[in-house]
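Heads up, the thing below is written out as structure tokens.
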Amino acid sequence: MQSSGNVGGGRKCFWGFRSLIQRKQVDSVHVRSEGHHQLARKLSVADLIAIGVGATIGAGVYVLVGTVAREHAGPALTISFLIAGIAAALSAFCYAELACRCPSAGSAYHYSYICVGEGVAWLVGWALILEYTIGGAAVARGITPNLALFFGGVDKLPAILAPHTIPMFGIVVDPCAAVLVLIVTFLLCTGIKESSLVQMIVTSVNVSVMLFIMIAGGYLGFKTGWVGYELPSGYFPFGINGMFAGSAVVFFSYIGFDSVTSTVEEVKNPQRDLPLGIGIALFICCILYMFVSFVITGLVPYYALDPDTPISSVFASYGLHWAVYIITTGAITALFASLLGSLLAQPRILMAMARDGLLPSFFSDINKNTQVPVKSTVTTGIFAAVLAFFMDVSQLAGMVSVGTLFAFTTAAVSVLILRYVPPDEVPLSSSLQESIKSVSLRFGPNIQESDSKNLQNPSGSSENNSRYLHEIGEASFGYPLIQKSISQEIHNEQTRRKISAWTITFLCMGVFIFAFAASAQGLSSILRFTVCGVCGALLLCCLIVLTCTDQDDGRHSFGHTGGFTCPFVPFLPAACILINTYLLIDLGAATWIRISVWFAIGAVVYLFYGRSHSSLFNAVYVPSAYADELYRSSSDYLS
């Protein structure tokens with residue numbers, strides 16, 4: 001049998017590829033026994049709903065309704081929010097199934113590491129780090145001007161909190177934003193239950209303000225006759241295309257619910273509570289968005305809305321100047337809840353990546369008293385505070401969307417992989433090679449030979465697994481007819497997995513080319529329609545093939561059984577991939593140039609640290625059916 005040194009030597013020739021596609025095991029009792037301290041399981045459904053709603057509803061809704069109504073949707077803004085909510089629900093369904101199957105911290109990074117591979121997982125984790133850092137700093141910067149309204153303006157703020165300009169560099173520093181980040185960081189270090197309680201309080205205040213807007217605005221609307229809807233241009237002044245363009249813009253108002261899945265290790269009953277928390281939080285956000293937009297666009301004509309302060313200006317136009325303070329309170333609490341959600345999720349992403357060896361173990365430490373990753377939280381807080389103090393990161397907001405949309409896309413791809421080609425081999429540490437030899441000897445020399453072949457290919461291919469099972473059949477049965485039947489069954493399963501894998505690959509390629517052609521305004525119309533038509537036909541063929549192909553029986557026992565399952569597979573994940581890919585490409589060249597710099601930095605970190613320190617660097621892969629036997633043999637051997 002091959003030794004670990006030979007295995008490692010074989011990998012040196014192809015490390016550039018194999019290290020990118022190696023996949024880790026769903027966290028199990030074997031993984032948890034390796035010395036990691038566990039997070040405190042204290043969160044209930046109510047806590048998850050508060051985290052989801054708080055992280056999703058930022059102050060954008062207090063500004064976004066004016067801009068989108070004036071430039072894109074008009075009174076049809078309500079339908080735009082509904083369509084965007086349905087699109088966000090597609091990703092929510094995928095997240096819910098993955099969170100139930102793989103209930104460990106790390107969110108989309110964790111799922112993509114299990115289903116896609118280490119390379120994609122690293123990019124997802126690296127993008128999420130940027131998303132939460134820039135998002136938190138931008139939110140903190142947005143609190144200062146809203147808070148200043150209660151003091152009579154920015155100039156009336158206490159000198160220690162007021163923004164100042166550094167003359168030599170022209171940089172506007174914001175001490176108030178930095179202080180708020182540090183306060184939230186301290187709060188997060190006290191414990192997850194304490195953090196969720198504060199999140200629940202500020203989210204309740206924000207929701208109460210939005211209910212006030214709906215009730216008071218509805219009263220004014222019925223009293224004045226909803227003048228915003230009595231327009232000669234009708235309900236769709238910009239046409240159906242304008243309504244869909246508005247949906248693409250307001251879609252980003254739903255970004256944030258995925259932070260719920262980052263707390264999965266702290267949920268009391270993740271199989272039951274996580275799907276409920278994600279679904280109810282998204283439903284509440286959609287209903288609030290729709291009713292607020294319905295009221296505001298009905299009180300005044302859409303073209304009369306103030307693009308900067310639409311809701312406040314509407315109430316002021318009806319003489320309710322005192323309502324401005326209530327609305328500002330809602331904006332402040334919304335921003336504070338969003339900041340709390342950003343700084344809550346990022347330390348858990350860092351912790352998950354450090355557990356896998358891709359980042360230093362410093363980030364994986366969990367405080368024994370508070371049972372939260374204090375070191376990761378403090379590091380995140382300090383970095384975000386410095387960024388909020390020195391930089392106005394509003395121009396980098398597009399980079400925040402890249403991380404979220406990339407995570408949404410990989411989550412949908414992971415669901416397809418889990419259903420059709422779930423990993424059928426698990427990585428084991430090279431320290432278990434004595435157990436591998438022991439188990440191989442129990443089944444005879446044929447199994448040992450297969451084990452040796454399997455060790456030479458640690459990438460986890462289905463072909464080796466099928467050959468492995470085929471040799472088991474030869475060793476276990478002496479009857480030619482039974483042996484032939486087993487061989488044919490294994491061959492059919494191997495063929496099915498290959499067809500499914502290639503179909504999913506072509507589906508993703510077709511989606512990318514279709515989205516790129518659809519958003520490429522510089523191409524001629526004939527070329528765009530031709531490419532879109534060909535790719536559309538390819539997508540349709542891929543969906544037909546997947547629909548006619550049986551899903552893998554291994555999906556029933558993959559990971560943690562029970563819990564939510566995503567409906568309408570493969571259509572729902574495919575639609576999710578298409579929508580998110582289109583939005584990713586449509587973010588613009590400037591955003592992609594900036595994010596490319598960040599990804600280049602991440603590639604350097606991975607090549608010089610993450611790859612060689614990965615927990616899978618010296619791992620060997622064996623069929624899943626024999627993993628438990630190997631662990632038991634390892635225990636017997638050690639004892």
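Cβ from N, Cα, C; glycine included.
Annotation source TrEMBL lists transmembrane segment at 45-65, 77-96, 108-129, 166-189, 234-257, 278-302, 372-390, 396-421, 499-520, 526-549, 561-585, 591-609 (among others). Marked as domain 'Cationic amino acid transporter C-terminal' by TrEMBL: 564-614.
As a summary of secondary structure, the domain 'Cationic amino acid transporter C-terminal' (564-614) carries 40 helix, 0 strand, 11 coil according to DSSP. Below 8 A, the CB atoms of the transmembrane segment (561-585) and the transmembrane segment (591-609) form no more than two pairs separated by six or more positions in the chain, fewer than 3 in all. Among 77-96, 166-189, 499-520, 591-609, 77-96 has the largest number of CB pairs under 8 A with the transmembrane segment (234-257). Across the residues of the domain 'Cationic amino acid transporter C-terminal' (564-614), the predicted structure has a mean pLDDT of 92. Sequence-remote contacts of a segment are chain residues at least 6 beyond its ends whose Cβ falls under 8 Å from one of its Cβ atoms, and for the transmembrane segment (77-96) they are 65, 68-69, 107-108, 243-244, 246-251, 253-254, 257-258, 261, 274-275, 278-279, 282, 285-286, 289-290, 293-294, 297, 302, 408, 411-412, 414-415, 564, 566-567, 572-573, 575-576, 579-580. No contact links the transmembrane segment (45-65) to the transmembrane segment (166-189), because fewer than 3 Cβ pairs that are 6 or more residues apart lie under 8 A. Between the transmembrane segment (166-189) and the transmembrane segment (499-520), the number of CB pairs under 8 angstroms, six or more residues apart, is fewer than three, so the stretches are not in contact.
Long-range contacts of the transmembrane segment (396-421) within its own chain (CB-CB distance under 8 A, at least 6 residues past either end) are made by residues 90-91, 94-95, 97-98, 101, 107-109, 111-112, 114-116, 120, 123-124, 127-132, 134-135, 138, 252, 255, 258, 462, 497, 500-501, 503-504, 507-508, 546, 549, 551-552, 555, 558, 566, 569-570, 573-574, 576-577, 580-581, 583-584, 587-588, 590-592, 594-595, 598.
When Cβ-Cβ distances below 8 Å are used as the criterion, the transmembrane segment (499-520) is approached by residues 413, 416-417, 420-421, 527-528, 531-532, 535-536, 538-539, 542-543, 545-546, 549, 552, 570, 574, 577-578, 581-582, 584-586 of the same chain, each at least six residues removed from its ends.
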